[in-house]
Every structure is written in structure tokens, then in C-alpha cells.
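Right, one structure below, let's go through it.
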There are 2 protein chains.
Amino acid sequence: MARRGMMKLGMSMRGLGYHPAAWRHPEVPADGTLRFDHYAHNAQMAERGLFDMIFFADGIGLRERDEPRGSLARSGYELVEMEPLTLLPALAVLTKNIGLVTTASTTYNEPYHVARKFATLDLISGGRAGWNIVTSWSEAEAKNFNREEHLDYDTRYERAAEFVEVVKGLWDCWEPDSLVYDKEGGLFYDERRMHLLNHRGKHFQVRGPLNVAGMPQGRPVLVQAGASEPGREIAAATADVVYAAADSLQAAKTYYDDVKGRMAKHGRDWDDLKIMPGVRTIVAATRAEAQAKFDRLQDLTDPLVGLARVYAALGDLTGFDIDGPVPEPQREAEVRSSTERIMQRARSQNLTIRQLYKQIVGGGFYLIGTASDVVDGLQEWYEAEACDGFNILPPYLPGCCDDFVEFITPELQRRGLFRKAYEGRTLRENLGLKPHVNRHAEERARSAAAE
Amino acid sequence: MARRGMMKLGMSMRGLGYHPAAWRHPEVPADGTLRFDHYAHNAQMAERGLFDMIFFADGIGLRERDEPRGSLARSGYELVEMEPLTLLPALAVLTKNIGLVTTASTTYNEPYHVARKFATLDLISGGRAGWNIVTSWSEAEAKNFNREEHLDYDTRYERAAEFVEVVKGLWDCWEPDSLVYDKEGGLFYDERRMHLLNHRGKHFQVRGPLNVAGMPQGRPVLVQAGASEPGREIAAATADVVYAAADSLQAAKTYYDDVKGRMAKHGRDWDDLKIMPGVRTIVAATRAEAQAKFDRLQDLTDPLVGLARVYAALGDLTGFDIDGPVPEPQREAEVRSSTERIMQRARSQNLTIRQLYKQIVGGGFYLIGTASDVVDGLQEWYEAEACDGFNILPPYLPGCCDDFVEFITPELQRRGLFRKAYEGRTLRENLGLKPHVNRHAEERARSAAAE
């Protein structure tokens, strides 16, 4: 069954890749997250591969937990890295077409700052900015922002919803033709087309206007995760892109139909939202070689880092033989819901401790094989309409990004599943999204039509 | 009298220049503040002129006051522009040696964000980041950040002092040799050389560590204004650079000696701080041409924009003949201290309204003339030890930046007052500042010496 249109692709570029042992890989620059050339290479490679966008996940703190003792110092993962909203403008200069998307938290930011920064990124990049809207839920982050504990779920989401409304409102303060630059007449802007926001809500009071205007996209692209019930509703109502989880084709299809099905009641078309599950790809000339690449990465996982991944569920297992059977949960174990799930898995598959943590460390939706194998997997999901494309989570960088562009992109193109050149100038255009319409300009047009 | 060493120079690049009529100048791109190529040209030109740094002042709101009615829309000044901390990383890519300095407010930011962003800028630029520390005092800004009124002076300064201490602490969390990247042994960092901050103060509780490390400068350069009594003390204690006001040579000399004289008691040397007053330069082949350039700019000042500059002191003068005498202050006038000063000036010089506002709009320390004239002025201040260099405030851009580099820089070099090539790799090195010493590394060295 052929599906109309082409799939969309994002390259998630956080750190040194998504496998916790990536930093120990011989071809990975362990200091890459502090080197601009590392990021520049990956971004330029993703653009050579015609990716719709690069994406940076982000956190504003180091993981609180360092258990078992010493595991954090061995993890090399999400420890020190460049702040993405400062990094993306620099990458904008070295690229021309690829979208530039980053996470920014609604929990420990102010909407005026976020609106300004993404508006500026949109200007610098000629219309390629995207904002991944998240809330911050970790204690490690709370403790960097004057709190002992993170905000509860309801407060976080309530604040996030209001935060996004304020940012959108700030982006619309200046109508597209508000800046007239009439040197002769001495008029810089048309007062009738500049609008104060005057937002007065529960979490924010923001007068406006924003002191940035003229974004090429009108509004940067809005990205969300949206797995929960309220998250799905918000995504259906407002998101341009959703980074979805990918547990199985059937689950992805169910999620896709559910979220897309909610859009009509918000006055949105099926195509106004792109759903892109995350997938980890490892490709080589043969299946055996690809599997060997994966196994090598798995073998680089430090035992302490592996044990840290089961600490919350099973407690401290450092006293046990890691090549022996998984013991009963230890006293320090905290999270009871995952405990039973993990123990069941260990028992039913008769796993050693090492086998158990390797399953977890190497978990997620992996496609491992030849270019043809990987594209088979992507194509199956795409043609089943379980997604609109994929957010690639490279296990290690730059290798898995380079390999994707060299081997997988051409195969996708050969099968007519992916573009051979960028269609548009902005991220919004490449994603096939409608142009943003300024709310005040729209209202004016409506009033004029009614007269 | 010759003075040892060379003067330091900064180029203030905010907007379209420092004269409010700049946007109407025929050679100025009125939409430049929203165009990356405008900023890129100026930054590259300043680097060609071997400037120590470019600098962006910043505000996080539009001026509250739009009086008399309609004046704001005619001002074209500090209205819409790129957010500098998002802009500078992009400019870092297009330059190699010049320092990149911007304002960030301590009043409506969080130290963790500020520390991360400047650390990232320092990494991207190879050690060229600088932070101009300010507090936000305007109602316009308060109203964009959930407040009706700005914080009072004491609270602002107390918060600012704590903010800066937290940021410095976050920058020192990782000792220079803390990241060991030992792939073989599986150790990413040395736990003994990573330090939590655990700051618990009145305004901030910040645990740390920062999730950025390895800045080439160790610590970005710290810039302040520091005119008030407490401001002078803080500058003497901690600043690397001070942007000073320049009322007269005598006043500048007094300020210079005062601030430098306070440094010894903080254990700092005379040269550890660079004091750089702001100066506006207009240069041409002859004095008459230079004066004509200035007059032309003055003549472009819209009367409403001029009247806005005297509104607070004198009230609404729109009903009066602007070429008639300055009338008594109107009812709306608010700021009584400046009222009397301005009225005295108007009376003593027998000024018309137009002459009065032109004096104010064209006020500040101007050097207008041939390259030789301008350099005479700069040299006089420098050799009198009234400053360590200057922060150039170009009346309009790119013209006044271009002209400086083309005409004034060579004359400064000819007289041995300014470098002919960058001395160092980082801003800190070019400014002739000592390397930053990490507090924990220093402590460790002290302990080792004591044993």
C-alpha cells in the first residue's frame, strides 16, 4: 500500500548519542558535548541528509541520584553539554535549510524570555526555529531553581498551558505589516497594528508587546511529547509536531489515530500535525555487521552504569555477581510499580544481572541491519499510517548520524519515501504546515469582510 | 606624557546606533535590528578594526511611556531588535578574535540560566564571552514579568549581588582537570574535582553543579556600570570592565582614581579592572564635513520624539510653537529634580523648544571632527589616566562603525595608542587580564602547599 506524500525526519542531537556507553566508543569524541565542531559536523551532516530538523532535548540540572556510588561519574551521559538555545543560533549560521528545534522548560522560565529567544532564532535562521514545550519534573532541576521539590503534575501542566498561551500572544503583538519604516514621514511603526498583550492569568501577568517582531515563520514551530490524556488533547489542539514514544507498531497506530481523531473538534486538519516516533538506527553493509556494532556498544556499558539503571526498582546490587541471577529487590528499592515488572522479566527469561541491565540500557525502538532492513522497518510504520515520519535517536554520534545520511537516506529516496531536495525555505514549509496567521490581522480581515 | 600600554576599545552595537534619529538616516537600514546581516556586518567590521569587544545593551520591554501621544511609533529606537544572548553565538561563528559582551538582567532572570548561557557562549566562541551585569529598573520591564512596579533599589542590588555570587560559584563547580574522559577505565569525570554549589541565600537556593564545563576563559569577563557609591565598591571588588559615564575629563579622572583606589583593599591590582567611558564619534575628512554629518542627524529628529525627551521634566509641549521659547513646565511634568535643571539651561541660553530637545537628543560625550581631532580627544583622556580605553557609542550604524575602523583606528595605531594585531586568543587575554583561577583548584593548591 503506497501512502501519499513523504515522511518527515528529525535528528535528535543531544550529547554524544542516546546509548549511555556512547562516550566510550572509539569513534566518539568523549569531549564532543563541549566542542562546537562536534555539533557543527552533526548539524551539517543532517542537513546534507535533507532532514527536516535537528532537535535538542535539554535538562537544567544533573541527575540528583548517583547510586550506586560512583555511577554518575562513569555515565558520561547528560552531564556537561552546551545550552541548546545558545548553541542553535551558531548552528543556524552554518546551515541553510534544516529546522532548529530545542526544548525549553515552562517550569523554570519566563514566557517573555522564551518568546524573545525563539523569535530571535527564527530571524537569524530565516524561519527555521522550533520550540519543544516541556515541563520539568526532576528534583535535580528543582534544586537549581530555589525549590526543594519539583512542582506537582497539575500545577506544572496548568502553568505550562498558560505559559504557551502567553508566548503565542507575545509572538502576535506585531502584525506582519506593522513596521512601516517610513523615513520620509518619520513613522517607524503603525500604532494600529501593534497590540499590547495585557495578559493577567493565574501564573503570569505580561503586558507586552514583545520587543522582537518580523519572524519569517510568523510563529516558530511548536513541538510536544503528549503521551498522557491531557497531553494528547493539547497536542491535538495546538502542536505542529509530536515526538511520540514507539513501543510497537500497533500501539503507535492506536496513538496516531487517537490524537489525529481529536483534531477536527479543534478546527484543525489531519495534516496540521506531524507525529514522529523516536527510533534508534544502526546500519551496516550486512546484518551481522550491524548487530556487531550494536553488541560492541552494549559491551562498553560500565557495570556500575548498568546497575544505576535498575537501582530505583531493585536497590543496590553491587554486592552481587553480575553474571549471576537477578536477586530479590534490595531494601533501598523505591519505585514499586516498575519493580514487579522488571522482576517478572528477569524471572521469565532467566536473566543474569548483566543481561537484565543490558536489555534496559539497549532498550527502545531499535532498527538494526542493512539499509534495506532499516528502511523496511520505517516504511512499514509509515505506510501503516502509524506516524508521519520519525525522530531519529542516534545511539552514538557522529557515527549513527553519518551512517544514516550515507546509507539510509538514499534508500528512502530510492523508494520514494523521502525528499530529494528541500521543498521550502522555512521549517514550517518543509514540514508541509500551513502558514501562521496573526490573530490580529485575522480579526481585522474578518471585521472588514463583515462590513 | 606618554602612557605605557595600549587603550582598550569596545563597540556598542545596540540597534541602529545611539542617536534616536539614526533610523531615518539615508544610509541606515531601518529594518536592520531584525536583519542578521546588519549585525554581522558591524561585528566583522569592528573585528577588522581590532576592537577588544562588541557590546549589546539590552532591555526586556518597550518603554512604558508613549508621551506625547504618538511619539513612540516615531522613535524607531529600542523598539524591536534581536535578543543579544541569542544573537552573539551566531556572531561568534563569523568572527575569530573579538570579544562578545551582552547585558543580562539579574532582576528577572535565574542565575542557573545565565551561568549556562554565558558558559556556552564562551565555549562556542573559544573564550570571548562577557556579561554586563545590570538590574532592571523600569515599569515597562516589571510589567512583562508578573509585577506592577519594579523592585526598589536596595532589593534590586541585594538580589544582583547574590545573583552574581551564585553564577560565579556555578562557573567554578568543575575544576579545569575534572573531566578525565578515560574511555579505557570507564571514568568520565573525577568526583573529587566536581563540586556542588549548595547555595542557600536570601534570594536564591541553587544546588548545582552547572551542567556546562570547560570554558576557555574559566570565567567569562564581568562588566558593570557602577556609578553609584555601592556600584563603585562592587566594581572595585569584582568587575573586569566598567562602562563609565563621561561627563568631563575632570569628572572621569576623579571617578577613575576613586574606583582604582578602592581595589587594593580587595586584593586586586590597578590593572585588573579596565575603565572604559562611552564616547560618540563622528569623523570626516574635514571638521566642517564632520559637523555637517552631525547636524544632518540632528535635523532628522522628529519633533514628537524630541518633545518626548522633555516630557517627564516639562510635560506636554505639543501645543506650543517649537521654534518659540521654552514655556513654564506643564501640569503633567513629574520629575522635579530634572525640571529645574532643564529650565535653567533653557533660560540661561535663551533656547527655543527645538534647540532644547536637540541639545538633549544630541547630548553625551561627542568627538566630532577629522581623525586627528577625534584621536586628540581620545588620547587626551587616555594619557591623563582618566580611563583605560573607550566604549564607542556609534550615533548611527553601520556608518559610524565603518568610519571608525577606516579612519580612526589607523590614526590610533600610528600614534602607538592601539594594537596592530590581537595579542591573545581570548577576550581576557586581549584585555590584559589575569587568567581566572578556579576556587577549588586554588584551595587544593593551598592545602597541598601547607602540608
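Glycine is no exception: its Cβ is also placed from the backbone N, Cα and C atoms.
Neighbour density for A:ASP58 (FMN binding site): within 10 A of its CB lie 21 other CB atoms from the protein chains shown. Per TrEMBL, the feature FMN binding site maps to A:ASP58, A:THR103, A:TYR157, A:SER228.
According to TrEMBL, the feature domain 'Luciferase-like' maps to A:34-384.
Among the residues the record lists as binding FMN, namely A:ASP58, A:THR103, A:TYR157, A:SER228, the two farthest apart have Cα atoms separated by 20 Å. Fewest Cβ neighbours within 10 Å among the binding-site residues A:THR103, A:SER228: that distinction goes to A:SER228. Packing around A:TYR157 (FMN binding site) is summarised by its Cβ count: 17 other Cβ atoms lie within 10 angstroms of its Cβ, all protein chains included.
In the predicted structure, the domain 'Luciferase-like' (A:34-384) carries a mean pLDDT of 94.
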